[in-house]
Amino acid sequence: MLLLGLLLLLPLLAGARLLWNWWKLRSLHLPPLAPGFLHLLQPDLPIYLLGLTQKFGPIYRLHLGLQDVVVLNSKRTIEEAMVKKWADFAGRPEPLTYKLVSRNYPDLSLGDYSLLWKAHKKLTRSALLLGIRDSMEPVVEQLTQEFCERMRAQPGTPVAIEEEFSLLTCSIICYLTFGDKIKDDNLMPAYYKCIQEVLKTWSHWSIQIVDVIPFLRFFPNPGLRRLKQAIEKRDHIVEMQLRQHKESLVAGQWRDMMDYMLQGVAQPSMEEGSGQLLEGHVHMAAVDLLIGGTETTANTLSWAVVFLLHHPEIQQRLQEELDHELGPGASSSRVPYKDRARLPLLNATIAEVLRLRPVVPLALPHRTTRPSSISGYDIPEGTVIIPNLQGAHLDETVWERPHEFWPDRFLEPGKNSRALAFGCGARVCLGEPLARLELFVVLTRLLQAFTLLPSGDALPSLQPLPHCSVILKMQPFQVRLQPRGMGAHSPGQSQ
């Protein structure tokens, strides 16, 4: 009964807000408005938003609950906003759950743009690209090799590989952020469980609806209570690591990213007016790395497996490419990441998976920091902007046969520059270098060692789960990993 009342009240509130916005903005040339208030109920929101371009063009407004937002559905409009006019569009909105998850915004992913945010980004990027530059690839190689050995111990047995990939990517992030001592302390299962709990709770509809209909936070909400509890567990884990790192820190030396960042915040700020970075910024940088770097990469790896199960001819070509470069059965040989151009089809396959299933199909919302414009339309200050990255990747004016899995499109010079899988501009994903390294190493090792086979007669679905929040999750599936050289069928042969 309460839900019915809320659904009846929503159009009235939205209508009142619409009239107020119209009165304030009546003199501006705004993007066209897609009518309706229940767009969030669409099961596949990125594709639905792309479909609206047929009537309204690549940029339009719509109402998400009580919020008036502008949606960008093409590479041209996204790059105009996020690259050419990045300073106008670098802000973040401030919904309730962002405040909860980000500890009131000392955070890179969810924090608003400022000079302090810029200094925070610079420190975290340095920790990734300088602090662990020499250890990043060896750690990914070592943990991927251990993953393959675990899979080899159960040859041909159906495996829920999405969970295995999540454990692998979580291990990589934890090693690089906290150091290899976490393995001795047997903390990995606790870290993994905590991350899963935060992501699952945060993405639930009972949490998401509070961000678009803010007054609902005053009603009893068990989901919000669970989210707060999950965040407390998360913070306890990170604070424990901070304490241990501070106790053993040696000036001028660093073992991992947390060491590097702790020494960075101890230095006075070099940029005038930016303020001083604090331990809370190190805390939230670690959280961003853990949450942002676990499920996103694992999800992309899982989609790669699903696409290769549907396209065994591509899998066979990939294995032939690996055998040509490394020799058949050369499981201990490797292609260093700096020499990745030696495997053009593998790189093209990764690019195609990222095109069809971008890391985040709808980029986290941006907010205009001052009045601006896109494609000749006025965009007022404080407007929420949603870049539809998946929509841009399916734009028929840019991509030939956009809905088809066709890695060869990226073998043509210059095609890779058209993709926006990790975003662009000031808010581009900081973890992109690590994610690309992981995708390359894991898929290389996996296809060197195994042939991917369906677990039964039916192939896994290519349709994502409906009503996904941040990432496009696939339907649950299993795969058989048949060690190569054990008399398995070629992936190109019928079963």
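Backbone N, Cα and C atoms are what each Cβ position is placed from, and that goes for glycine too.
Pulled from Swiss-Prot, these are the features on record:
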BINDING   Arg92, Lys121, His366, Arg427, Cys429  heme b binding site
BINDING   Arg234  progesterone binding site
BINDING   Arg234  17alpha-hydroxyprogesterone binding site
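Structure with Swiss-Prot features highlighted.
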residue: Arg92; record: heme b binding site; DSSP class: coil
residue: Lys121; record: heme b binding site; DSSP class: helix
residue: Arg234; record: progesterone binding site; DSSP class: helix
residue: His366; record: heme b binding site; DSSP class: strand
residue: Arg427; record: heme b binding site; DSSP class: helix
Exercise for the section: Give the maximum pairwise CA distance in Å, whole number, for the residues Arg92, Lys121, His366, Arg427, Cys429 listed as binding heme b. Expected result: 16
Completion exercise
Filtered by Cβ under 8 Å and at least 6 apart in sequence, the residues in the chain of Arg234 (progesterone binding site) near it are Cys194, Ile195, Val198, Val287
Practice task
Provide the number of Cβ atoms within 10 Å of the Cβ of Lys121 (heme b binding site), excluding the reference atom itself.
Solution key: 17
Fill in the blank from the handout: Taking the centre of the Cβ atoms of Arg92, Lys121, His366, Arg427, Cys429 as the heme b site, the remaining residues of that chain with Cβ inside 8 Å are Ala90, Leu108, Ser109, Tyr113, Leu364, Gly423, Gly425, Ala426, Val428
Practice task
Tell me the Cβ contacts of Cys429 (heme b binding site) under 8 Å, same chain only and six or more apart in sequence, or just say none.
Solution key: Gly292, Val359, Phe422, Gly423, Ala435
